[in-house]
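Undergrad: Let me begin by handing over the structure; questions about it come next.
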Amino acid sequence: MKGTFFHNQRFLCFSILFMWIKTYVIYKLGFDLQIDTLLEELMLLVNPLSFILPLFGIGLFLKENKQRAFLLIANLVLTVILISNTIFYGFYIDFITIPVLFQASNMSDMGSSVKELFHPLFIALFVDLVFLLLFARKTKHPQTKAAPHTIKRYYAASCGMLLCTLALAEVQQPKLLAHSFDREMLVKSIGLFQFHIYDTISQTVNISAKAFADEDSITAIKNYTEADYSKPDQSKFGLAKGRNVIFVTLESTQSFVLNEKVNGKEITPFMNDLIKKSYSFDHFYQQTEQGKTSDSEFIVANSLYPSLSGAVFFTKSDHQFHTMYKSLKQHDYYSAVFHANHKTFWNRDVMYDTFGIDRFFDVDDFHVTPGTSTSWGLKDKEFLEQSAKKLKSLPQPFYSSFITLTNHFPFEIDEKDQLIDEFDSSSDLLNRYVTTVRYEDEALKHFIKKLKDEGLYENSMIVFMGDHYGISEAHNEAMAEFLGKDEITPYDNVQLQRVPFIIHIPGITDQQPETIPDAGGQVDVRPTLMHLLGVETKGDIQFGNDLLSGDRTPFAVLRNGSFITNDYVYTKNTCYSQKTGEVLEDQDACLPYKEKANEELSLSDKILNGDLLRFSE
């Protein structure tokens with residue numbers, strides 16, 4: 001036995017075994033990865049080895065003390081990566097990417113969120129390191145570097161494992177690396193650590209795209225957006241011409257709370273009533289990615305899709321954009337954003353200059369006291385009340401944007417502000433969520449009253465829009481309880497990406513309200529609002545279309561490649577009936593829309609990575 005690889009390299013073998021087990025345990029318990037087949041389970045089991053084996057194998061080139069130090073450090077680093085991804089996944093249902101690391105400035109404002117997601121059991125992931133340290137102290141014996149033939153055999157096996165992983169990935173999802181909008185599929189197929197390497201390479205390629213871009217790069221994109229343009233409904237074009245715009249972004253607000261009750265009390269009584277006097281959209285989807293609220297701002301302003309990795313507000317703040325703010329400025333509109341948080345959060349102070357916004361009211365412009373604030377900033381009621389007074393001083397017409405805060409993860413609220421009982425389910429987060437949504441709804445009601453008091457209501461177009469989901473897939477069991485379902489399917493998860501979108505034009509929509517049932521998303525907001533203001537968008541490079549146009553093809557694509565039409569929902573490589581939620585026998589029915597979804601996301605990425613709008617007037 002003395003000549004065996006295990007006997008000579010016990011510390012290495014134990015290090016590999018423990019790291020393999022830890023990674024697989026995190027796959028199963030830390031992430032909500034959908035495993036449908038035995039092949040997918042096999043891939044999940046073996047893919048950690050295709051990274052751990054070659055990395056830890058470096059220890060074969062080192063003598064005993066250096067080898068053990070290297071393996072312990074490698075184990076520690078990979079464990080930290082696992083825990084960091086688990087915490088990140090707990091909120092975003094996503095994995096850390098390189099651009100996210102440049103958002104470290106946000107962490108100072110996220111203390112309560114990280115605390116909510118950190119689990120004491122994470123400490124158990126370091127137990128193997130303690131064992132390895134004790135093992136190293138008790139089993140010291142002279143050791144030289146491994147023989148060349150041993151290293152060759154070891155790396156031959158490592159290469160075989162890597163090739164096996166890639167082959168299985170290709171069988172499961174052909175051309176996976178070429179069409180990588182779905183990070184979950186990448187992690188399931190090639191592994192978490194390998195995904196981080198792939199992401200690093202992708203970001204390097206994206207950075208180089210800007211250097212090699214030229215004026216010809218924008219031509220194909222112009223041709224696509226011009227061909228996809230939908231003419232506005234002339235009966236609605238210019239309905240709000242000359243009016244002020246008051247656009248309120250509703251933090252973490254999803255549509256499933258609308259017209260729902262807890263213990264007989266409505267969660268959103270004000271919005272429920274306002275919908276009856278407005279243009280509202282039943283199948284309106286959030287399309288954000290890792291930038292969350294900042295992504296929703298970006299999408300609305302530009303009618304482009306956000307970056308697949310990181311937040312555009314951080315990674316592309318030096319690029320050129322043809323925002324709605326700039327377009328409306330040509331029609332004498334003054335623009336302002338109100339947000340009672342620090343101006344540097346999400347790099348807003350820099351990006352708002354890039355967007356052409358005239359004025360940014362941040363936390364320093366508001367009167368904030370311990371009693372009127374939360375961990376994220378000023379409470380919604382006080383924020384909107386103070387904002388209404390500031391709004392009156394702006395030059396008119398104006399386009400104003402407000403970003404609420406109280407309904408923010410982890411959805412905590414003072415007892416004095418609680419207007420409804422918590423929901424009763426297996427998720428404390430969902431239980432609290434209904435109370436912060438209820439408070440937000442009451443704050444909106446109060447805001448409308450203040451607008452009337454300030455004389456700003458009648459001559460304005462008032463818009464409410466949810467920015468992104470608040471309750472992630474990690475709480476699907478409780479969500480099924482809320483919705484009265486046995487389980488939440490992938491189809492249901494897509495439906496839960498619906499957010500409120502309400503356009504209220506006093507004197508018009510209260511006389512002729514309308515509920516639009518067609519599929520649409522945040523990318524459609526820019527042309528919809530511009531056309532209501534009487535500003536034509538034909539010729540603009542935008543991927544959205546006027547939601548009120550009868551010429552529009554109902555369609556919404558999420559950033560991960562899932563999409564929705566009036567007939568189909570496509571997600572997790574499966575085509576569903578939009579009406580029934582059942583898996584379709586004819587899976588090819590979704591193919592034409594899948595091509596459209598991939599093309600739009602790819603073209604939008606080219607604009608962002610190449611800074612192509614600098615070549616367009």
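These residue numbers are counts, starting from 1, taken along the chain as shown.
Backbone N, Cα and C atoms are what each Cβ position is placed from, and that goes for glycine too.
Residues or ranges marked as active site by Swiss-Prot: Thr293. Look at Swiss-Prot and you will find Glu251, Thr293, Asp467, His468 tagged as Mn(2+) binding site, backed by similarity to another entry. If you look up Swiss-Prot, you'll see His408 marked as substrate binding site. Annotation comment: Swiss-Prot describes 1-10, 63-68, 137-153 as topological domain 'Cytoplasmic', evidence class sequence analysis. Per Swiss-Prot, topological domain 'Extracellular' is recorded for 32-41, 90-115, 172-617, and the stated evidence type is sequence analysis. What Swiss-Prot records for 11-31, 42-62, 69-89, 116-136, 154-171 is transmembrane segment, and it gives sequence analysis as the kind of evidence.
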Undergrad: For the topological domain 'Cytoplasmic' (63-68), jot down how many residues DSSP puts in helix, in strand and in coil.
TA: 5 helix, 0 strand, 1 coil
Undergrad: Considering only Cβ pairs under 8 Å, which range in 11-31, 42-62, 69-89, 116-136 makes the most contacts with the transmembrane segment (154-171)?
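TA: Checked against 11-31, 42-62, 69-89, 116-136; highest Cβ contact count belongs to 42-62.
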Undergrad: Expressed to the nearest Å, what is the distance separating His468 (Mn(2+) binding site) and Thr293 (active site) at their Cα atoms?
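TA: So the alpha carbons of His468 (Mn(2+) binding site) and Thr293 (active site) sit roughly 7 Å from each other.
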Undergrad: Rounded to the nearest Å, what's the C-alpha distance separating Thr293 (active site) and Asp467 (Mn(2+) binding site)? Just drop the number here, would you?
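TA: Per the Cα atoms, Thr293 (active site) and Asp467 (Mn(2+) binding site) stand 6 Å apart.
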Undergrad: So, does the transmembrane segment (42-62) come close enough to the transmembrane segment (116-136) to give 3+ Cβ pairs below 8 Å, pairs being at least 6 apart in sequence?
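TA: As far as Cβ distances go (cut-off 8 Å, pairs 6 or more apart), the transmembrane segment (116-136) and the transmembrane segment (42-62) do not touch.
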Undergrad: Within 8 Å of the Cβ centroid of the Mn(2+) site residues Glu251, Thr293, Asp467, His468, which other residues of the same chain have their Cβ?
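TA: Near the Mn(2+) site, beyond Glu251, Thr293, Asp467, His468, sit Thr249, Leu250, Ser252, Thr253, Gln286, Thr288, Lys292, Ser296, Ile403, Gly466.
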Undergrad: Helix, strand, coil residue numbers for the topological domain 'Extracellular' (32-41) per DSSP?
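TA: Final tally across the stretch: 4 helix, 0 strand, 6 coil.
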Undergrad: I'm trying to understand the geometry here, so how far is the Cα atom of Asp467 (Mn(2+) binding site) from the Cα atom of the residue listed as 'substrate binding site', in Å to the nearest whole number?
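TA: Taking the Cα atoms only, Asp467 (Mn(2+) binding site) lies 11 Å from the residue listed as 'substrate binding site'.
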Undergrad: Please report the distance from the Cα of Glu251 (Mn(2+) binding site) to the Cα of the residue listed as 'substrate binding site', rounded to the nearest angstrom.
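TA: Checking the Cα atoms of Glu251 (Mn(2+) binding site) and the residue listed as 'substrate binding site' gives a distance of 6 Å.
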Undergrad: When a 10 Å sphere is centred on the Cβ of Thr293 (active site), how many other Cβ atoms does it contain?
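TA: Around Thr293 (active site), other Cβ atoms within 10 Å: 24.
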Undergrad: Take every residue in the topological domain 'Extracellular' (172-617), average their pLDDT values, and give the whole-number result.
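TA: Residues in the topological domain 'Extracellular' (172-617) carry a mean pLDDT of 94 in this prediction.
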Undergrad: Should anything in the same chain at least six residues away from the topological domain 'Extracellular' (32-41) have a Cβ under 8 Å from its Cβ atoms, list it; otherwise answer none.
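TA: Sequence-remote neighbours of the topological domain 'Extracellular' (32-41) are 89, 93, 168, 171-172, 184, 187-188, 473-474, 476, 490, 572.
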Undergrad: Would you count the other CB atoms within 10 A of the CB of Asp467 (Mn(2+) binding site), including those on all shown protein chains?
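TA: Its Cβ shell of radius 10 Å holds 25 other Cβ atoms.
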